[in-house]
2 protein chains.
Amino acid sequence: MLPLSSWVEVPENSDFSIYNLPYGIYSHAKYSPAPSVGVRIGNFVLNLQQCAKHPDFWADIAFDTSVFAQKSLNAFMACGRPVWRAVRERLTDLLRHNTSYTLRHLHEHAVSVGQSPYLIPVEEVQMYLPIEIGDYTDFYSSIEHATNVGTMFRDPANALLPNWKHLPVAYHGRASSIVVSGVDIHRPKGQIKPADAPAPIFTPTRMLDFELEMAFIVGKETALGQSVSTAEAHDYIFGFTLFNDWSARDIQTWEYVPLGPFLAKNFASSMSAWVVTLDALEPFKVDSPAQNPEVLPYLQYSGQYNYDIQLEVFLKPEGGQEQQICSSNFKYMYWNIAQQLAHHTVNGCNIRVGDVCASGTISGKETNSYGSLLELTWKGTNPIRMVDGSERTFILDGDVVIVRGFAFKNNVRVGFGEVYAKVLPAL
Amino acid sequence: MLPLSSWVEVPENSDFSIYNLPYGIYSHAKYSPAPSVGVRIGNFVLNLQQCAKHPDFWADIAFDTSVFAQKSLNAFMACGRPVWRAVRERLTDLLRHNTSYTLRHLHEHAVSVGQSPYLIPVEEVQMYLPIEIGDYTDFYSSIEHATNVGTMFRDPANALLPNWKHLPVAYHGRASSIVVSGVDIHRPKGQIKPADAPAPIFTPTRMLDFELEMAFIVGKETALGQSVSTAEAHDYIFGFTLFNDWSARDIQTWEYVPLGPFLAKNFASSMSAWVVTLDALEPFKVDSPAQNPEVLPYLQYSGQYNYDIQLEVFLKPEGGQEQQICSSNFKYMYWNIAQQLAHHTVNGCNIRVGDVCASGTISGKETNSYGSLLELTWKGTNPIRMVDGSERTFILDGDVVIVRGFAFKNNVRVGFGEVYAKVLPAL
């Protein structure tokens, strides 16, 4: 990796160094009243619509810069991996010290006359869901999470079901209710069946939980009937976000047999605003855990498809201060993204640009690395003590849940910022 | 109901009488090269883009007729129920005998000079998926189907799981792979675990099945957090199609615990091309089966939300003749559409125009009314004898599966046409 630095000021420990350059959808009252594509660097958003006014920045890249004026990343993603790579390289060239491009001068001249159309302070923008989501799939790929859940709800001696080590279990989730970081969530209502009750009751959930997940975004479509091999998976994945798959455990317990989770999950999921590209994560690749038994040939792969990404969850009570309640890592995933995509399409299921595939809850081996309150408090039996003296088994109204994530190696930090949401009372 | 007849010739027993007037998306080389909105009557498609050129047809209805030029029904549906009703009444006026509108003369004049821009013979058009689908939900609302499956796979003495009579069980399905009638389906491949095998194997499914379903189309959106009551459901539902939820039973058996069906279903679902409106089905309303135990208040309703719709499935072997293999009825549904929508949104899950909610397999009490081969052949133990001498436990390559459905009362027939697809060998 060449040492790089930018003429844009990037605070130390920023998730958004020049090595990152994630994409998002933002608006700004003056410089982009309609949502459009921006790139985050330090505490600024690079206005790509404005940059598109300079054809010399893009002349040798075979794409239409009008994709930067769209209200989602889908049109840009549909340009394909060669364009993703070329644009990323060009953005690096535009933003690096000793650049031969005029962006720096354009920006500095604008600033000198009181304008900032190129680099907009992030505190002045509104962020939006970056993707127009087609289908949303949620995997269940952390062996520690699946083992914990199986131990609590089924049989500690046979915590993993027979299929779990043979295929990356997944289900289809709800796309309509995926919201961007910062959107408040109402506590969902639904049917639960208390153990001592003769019949189900209707109530706001009493066991509201988060799930610490990441999600990859599909950037290339397939035709119905076509499959994507593990070796091809890389070309179909644009990037990653942080993901919180809110879950109502009491609703889930009552409803989920035999067809899986429905109302326990589909009231909301939260996604971080900046999509970090696979290319930016390349330096942080690591091996996957060994798989035993050996998987079927269509799930075998060569190369590395896991990433060393530190993940942390914080809880902030109403009026209180945030406190870390879990620390996990994406690298714990038993099933990697190449295997997930190969499995998803092996039956001919078609994928589309903008599909979202979440990881499932990412738990590690240590008890403080569990990615949900269900596991952290062991079904509510072991409450978390908060610094304000209160306890948590599940999430209370007024709580803010914040997930943060970043990769760090050789003094280079590439992070996701955060996905946060406040839980409001049931409507 | 006033007796109505049209100046357009409608064959006796046509599904598409003037009482129906379903909407679809079609193209025609000359009169609508790009897909646009049409209305079916008899064996003709009424070209609404052409009709939109006559503002006097629409002047008193508060909507923009450019919605007829769209490649899906979504924009028209988003106009809302008052517009759906007004347009339906106007179409009836345009097409009835003794009409005061000029459509008939315009059409007859065009025909006299060898043109047919208003009414296009249906054999000249190409049909498309009528909806841009947001999310697709599949319910499990036939008590006979759920009982049959529970008996076969779990426990005959406790065939229904404890939650089944308390809530309309459902799961999220795959939207990307829903195709219009006539699109061929490739036999899916996947993991199965034969009972006598030590480990799963990878193979084309050996137990390919259809599921006889209907689907309702959401025509009005809600905000995240909002719920739709059973009394309001009617305003949120535009109409119905026939639906075949293709299923690979061996893949399903191995994969579905604990999170529900995934690859066993998401390789394809087939939808009929014409969306029959709720208003057209109004005369065919019937009471739902009695529910015992009493359901929770949010699932209670007044009025009728079931429909007497005769449903039939035909199987046509390669080179052979089609033969009926099942006869069922939508009215058997234990959970009705008002209850389904109220349940779906009671937790605040938002719905969008174009969402599809399928019924789940519709089986009746009689063995010939079962809506899947799984049930008709009782897990393959009781093969169906075909007129060509062959037998079917599950679907063979080259088979065409055809689902037809219609309502009939007081000499009025309102039908759906059919949804059919041929099964091709695995790729």
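Every residue, even glycine, has its Cβ placed from backbone N, Cα and C.
Note that the structure is a prediction, hence the values are computed from the model and not measured.
As annotated by TrEMBL, active site, proton acceptor applies to A:His145. Around A:His145 (active site, proton acceptor), taking its Cβ as the centre, 28 other Cβ atoms fall within 10 Å, counting all chains. The DSSP secondary structure for A:His145 (active site, proton acceptor) is helix.
In the three-state DSSP scheme, A:Asp138 (Ca(2+) binding site) falls into the strand class. The Cβ of A:Asp138 (Ca(2+) binding site) has 28 neighbouring Cβ atoms from other residues within 10 Å, across all protein chains displayed. Annotation comment: TrEMBL describes A:Asp138, A:Glu211, A:Glu213, A:Asp245 as Ca(2+) binding site.
A coil conformation is recorded for A:Lys265 (Mg(2+) binding site) in the three-state DSSP classification, outside any helix or strand. On its own chain, A:Lys265 (Mg(2+) binding site) has A:Asp138, A:Gly173, A:Arg174, A:Asp245, A:Trp246, A:Ser247, A:Ala248, A:Gln252 as residues at least 6 apart in sequence with a Cβ closer than 8 Å to its own Cβ. According to TrEMBL, the Mg(2+) binding site annotation covers A:Asp245, A:Lys265, A:Ser269.
According to TrEMBL, the domain 'Fumarylacetoacetase N-terminal' annotation covers A:20-130. Look at the domain 'Fumarylacetoacetase N-terminal' (A:20-130): DSSP puts its residues at 45 helix, 27 strand, 39 coil.
For A:137-405, the entry in TrEMBL reads domain 'Fumarylacetoacetase-like C-terminal'.
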What are the other residues, in sequence order, whose C-beta lies within 8 angstroms of the center of the C-beta atoms of A:Asp138, A:Glu211, A:Glu213, A:Asp245 at the Ca(2+) site?
A:Gly173, A:Leu212, A:Phe243, A:Asn244, A:Ser247, A:Lys265, A:Ser269, A:Ala358, A:Ser359, A:Gly360, A:Thr361
Please list, in sequence order, every residue of the chain apart from A:Asp245, A:Lys265, A:Ser269 whose Cβ lies within 8 Å of the Cβ centroid of the Mg(2+) site.
A:Asp138, A:Gly173, A:Arg174, A:Glu211, A:Glu213, A:Phe243, A:Asn244, A:Trp246, A:Ser247, A:Asn266, A:Ala268, A:Ala358
Rounded to a whole number, how many Å is the Cα of A:Glu211 (Ca(2+) binding site) away from the Cα of A:Ser269 (Mg(2+) binding site)?
9
If I take the alpha carbons of A:His145 (active site, proton acceptor) and A:Ser269 (Mg(2+) binding site), what is the distance between them in whole Å?
19
Please classify the secondary structure at A:Glu213 (Ca(2+) binding site) using three-state DSSP.
strand
The sparsest Cβ environment within 10 Å, among the binding-site residues A:Glu211, A:Glu213, is found at A:Glu211
